[in-house]
């Protein structure tokens, strides 16, 4: 518990720190018993302290620069190692950890479901540009409805906000489309193994384009990442160059997205949920004309009829599910980033890839050679070591 004691009460505090209270009865001492000038910093209400255990002074600090400086005096019970007030902080800290745990579990689950439905859609309807556009359109519509119905509070933005968000949206659009193109050509597990090499791109871009330097441990952690990804790529049974390059381009694009986001959004705080909503809307505006130019409505219509005839009406649910779950998992990930450090987020992202890789192999019966699995494990281990080295 923290006390603010005037300088004249310093001697009283020092005497208290060296004394034991010998009364064994269930008695209490009010704050006025120590000194008439004693005030509690955090609670103005009358507070009682148990005297069954002796109290010791843990620290005394002078705070303030006024003529009569105030001395901060912290006390702890005899069998404790920290101030009494820390006990009151345990409950909020536990609640925060529980909240973060729920965020992580939801994030991983939504991501797994998205990848499953996304692959189902792409297997039956190989138009990744339209699929990517529908994902962004669905998320944008969901957030517009949420704002209109006041389920979520709309963000307060201005022209400067959207201007700084534009390069982030460009990078996000490229990364999103490239990843979808990759998954349309290769197994989901292979795409995510290659995408686990994103830290290597981050270090290389930061080093050679931004001039940043890193500790030797960071550079050493890149060796298993690069080696593991290379081993997994060489031993992939269904290797496809377009799928491989799509995953690599996605890595590079998302690195630039993070760089632009950190540099441009300083001092322009918008909550994680609304930030991603704005990012989706701007990305949708950027992507739509390119999707029309690359694939076009004629191909989309012909492919749709074929998919419906082969899969049936449930194909519509697949498309809706992959679009909805894409927005939800990204939204939860940005909400998680509001609550945790970048290091914790990086570790969570690594664990997310493991869950996606394992679940996709099981669901789609993806053939995996032992050497291929070893490469994936080495790459993911390197990603974990990288997150620890950057701590």
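Cβ atoms here come from the backbone N, Cα and C positions, even for glycine.
Given the structure is predicted, the values throughout are model-derived calculations rather than measurements.
If you look up TrEMBL, you'll see 98-387 marked as domain 'Sugar phosphate transporter'. Here TrEMBL flags 100-117, 129-148, 217-235, 272-294, 314-330, 370-387 as transmembrane segment.
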I'd like to know the mean pLDDT over the domain 'Sugar phosphate transporter' (98-387).
89
Are the transmembrane segment (314-330) and the transmembrane segment (100-117) close enough to be called in contact, which here means at least 3 C-beta pairs under 8 A that are separated by 6 or more residues?
yes
Among the recorded stretches 100-117, 217-235, 272-294, 370-387, which has the greatest number of Cβ pairs closer than 8 Å to the transmembrane segment (129-148)?
272-294
As a test: from 100-117, 217-235, 272-294, pick the stretch that has the greatest number of Cβ pairs under 8 Å with the transmembrane segment (370-387).
217-235
Quick test of the contact rule: Cβ under 8 Å, at least six residues beyond the ends. What residues does that give for the transmembrane segment (272-294)?
129-130, 132-133, 136-137, 139-140, 143, 152-155, 157, 161-162, 165-166, 168-170, 172-173, 176-177, 265, 327, 330-331, 334-338
